[in-house]
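As recorded in TrEMBL, the features of this protein are as follows:
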DOMAIN    2-84  domain 'Centromere/kinetochore protein zw10 N-terminal'
DOMAIN    142-379  domain 'Centromere/kinetochore protein zw10 middle'
DOMAIN    436-566  domain 'Centromere/kinetochore protein zw10 C-terminal'
DOMAIN    588-742  domain 'ZW10 C-terminal helical'
C-alpha cells in the first residue's frame, strides 16, 4: 500500500513537467516557422533594396570623380590659355623674363594634361603645336636682342682665322643703358635670364664661345704680333685688334696671358657680370653664374691651345734657362687666379697650371725630342760631305766637371777639347796615346756633328736633375740605335751603287764604334750614381757598329769582284791568242779591269784608312790575277805565238797593277805602297812564275822546279807544271825527260 502511494505521488509530480515540455516544443515549432517566414522576406525585399543602393552609390562616386577630373582638366586648360595670353602681353612690352616664365607655366600645364591616363584629348596636340610656335617666336625675339648686345663684325674672308682677317674683326658689346634709357631696350640681364628660363642659355653661350675662340682667343695665342685694344663709345665698347712687328717667333706665355686676361675682363664687365636666378624647378642651385657657364664651354679648348702653342714653345732647351721658367709658372698662376676671381674658372688647379709646373719633365721630354729630331736630320743628310779625322782629332766639348763635384755642378762657360792623351790605367801602367786612336780617314761631317750632339747631350745630362739625366742618357743611346736602324735603310741604294759612299759609311761606323768605347767613361762619375751598376756605358753597342761598317764595305767588295770576273769572262778563255780577234778581246778585258781598279783607287783615295785601302785594292787585284792565271793554266795547247801574246798581257797586269795603289793624294808618298804590292796581293809571286814559264825553255823550267825545292814549286803543284809543259811543248823525248823530273 505504501509503495503504491509513492508511485502515485511520483507520477503526479511527473505529469505536469511532461506537459510543460510538450507546450515548449509546440512554441519552438511555431517560432521556427516565424523565423523561416522572416528570412524569406528579408531575402526577397531588403537584400534587393540594399544592392540597388550600393550600385547607386558607386555610380555617384564615379560621376563625382569624372566631374573632378573634367574640372581639373578645364582648370589646366584655362591656366594654359591664361599663361599664353599673359605671355603675349609681356612679349609686346619686352618684359622677356615674365614672358619666358609664362611660357614655362603653359608648358607645365600642358605636361600635366598629357600625363592624365585614359583622358586623351584631341585638343592637346593643337596646344602642343601652339606652344612650340610661341617658344620659337620668343627665341627669335631674344636672338634679335642678343645680337644687338654682342655684335660681331667679321671680314668676309675664306681663311677665317688668318692674321689678316683677324685684324679686321671687331666685337661690339652694348653697355648697360642708364636709368632714363631703360625703356629703349631691355638690359642684358633680362635677355639672358629669359634664355635661362627657356633652357636655351647654354646653347647661346656655346655658339658665342666658339666664335670667341675662333676669332679672338686662338688668334691671340697663335699670332705674337696681334694686340687687342678697346674703344669705349657712349652706348658700346668695341674690341679691336692691330698687328705689330713681333720681336719673337713665339710670344711669351706672360704676354699671351695678359692679352687673354684683357678679353675676359671686357666680357666680364660689359656682358657677363649679371646675376641670374635659376629657373624655379632647379632650386638646389642658387643663381646661374654666366661667366662660369661660358668658362665651362671654352676652357678646355682654350687651355689646350695655350699649352700646345704657347707653353710648349716656352719650355727651355737647356738647363741653365730652367731657373727663369719660374716667371712663367708665376704668371700662369696669376692668370688662373684672375679668371677665378671673374668666375670663369671654378675649383682646383687646371691642366694649364699642372703643365707649367711640370716643367722639369717637359724640359727632359722636349730636350730628348729635340735631340732625336736633330739626330734624325743628320742621319738623313748627305753622306758624301766629309771631314778628315786624324789620330789627334777630338770632339769639341765643354769642359767636363771635376769628378768630385757630385751633384753641385755649375755649368762652366769655357770649352776645351777632349784629347786622346795618355790614359792612366788602374795599376799605374800607361797606354800609349794611340791605343784608342783612330787611323786617318774621312767621315761624313754629319756623323761628326752627330757625335758632338751626343757629347753635348750627355754633358747637359750631368748638369740636370736625376730624372732628366736618366732620360737624356737614354736618348743618347737612342741616337745610336736610330743610326743603326735608319742609315743603312735610308741610304741603301747609294751604299750599294757608289763605292765611295760605302767606304765613307764604313769609316762612319768605325768612328762611332771608336767613340762608343769611351763615351760613357768620361761621364761616369755623374751617371753611375743614378744609373744602376755602372750602366752608363755604350760599349755594348760597339760590336754592332763595327759589323755594320764591315758588312756594308764587304758587300761593295763583292760587287767589285763580280764586275772584275764579268769583264774577264769576255777574254775568250785566253785561248788561241794567235787569232787577232781573240787577242783583241783579251787585251780589251785586261784594259777594262785595270781601268776599273784605277777608278776605285781614285774614289777610295784619302777616304779609307791607308791599311784598309791597301787590303781592299790588294784583294781586288788578286782576284784579277788569280782568274787570269787559272785560265792560262787550264789551256791544253799554247803555240809559241800564243805564249808571247799571253806573256805581254801578263806583263801589262804586272806593270800597271801596282799603279792603281794611290791611297794618298800626294803622288810621291804612294811609291812606298806601290812597291809593297806583293805584300797585299797573295798570288803575286804565282803570277810572276807563270810569266817565267811562258818565256822559258824546258831546261829552265826544270831548273826553276829544282826537285820540288825551287821557286816554281812554291807556287804550282807538279800536276799544274806538267800540264803547262804539255801545252807549251811538243811531244819529244826531251819533253818526256823533263816531265819525268817534275814530281
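Each residue, glycine too, has its Cβ placed from N, Cα and C.
Just so you know, TrEMBL annotations never went through curation; they're auto-generated.
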Across the domain 'Centromere/kinetochore protein zw10 N-terminal' (2-84), the model's average pLDDT, rounded to a whole number, is 81
Secondary structure of the domain 'Centromere/kinetochore protein zw10 N-terminal' (2-84) by DSSP, residue by residue, totals 82 helix, 0 strand, 1 coil
Taking DSSP helix as H, G and I and strand as E and B, the domain 'Centromere/kinetochore protein zw10 C-terminal' (436-566) has 111 helix, 4 strand, 16 coil
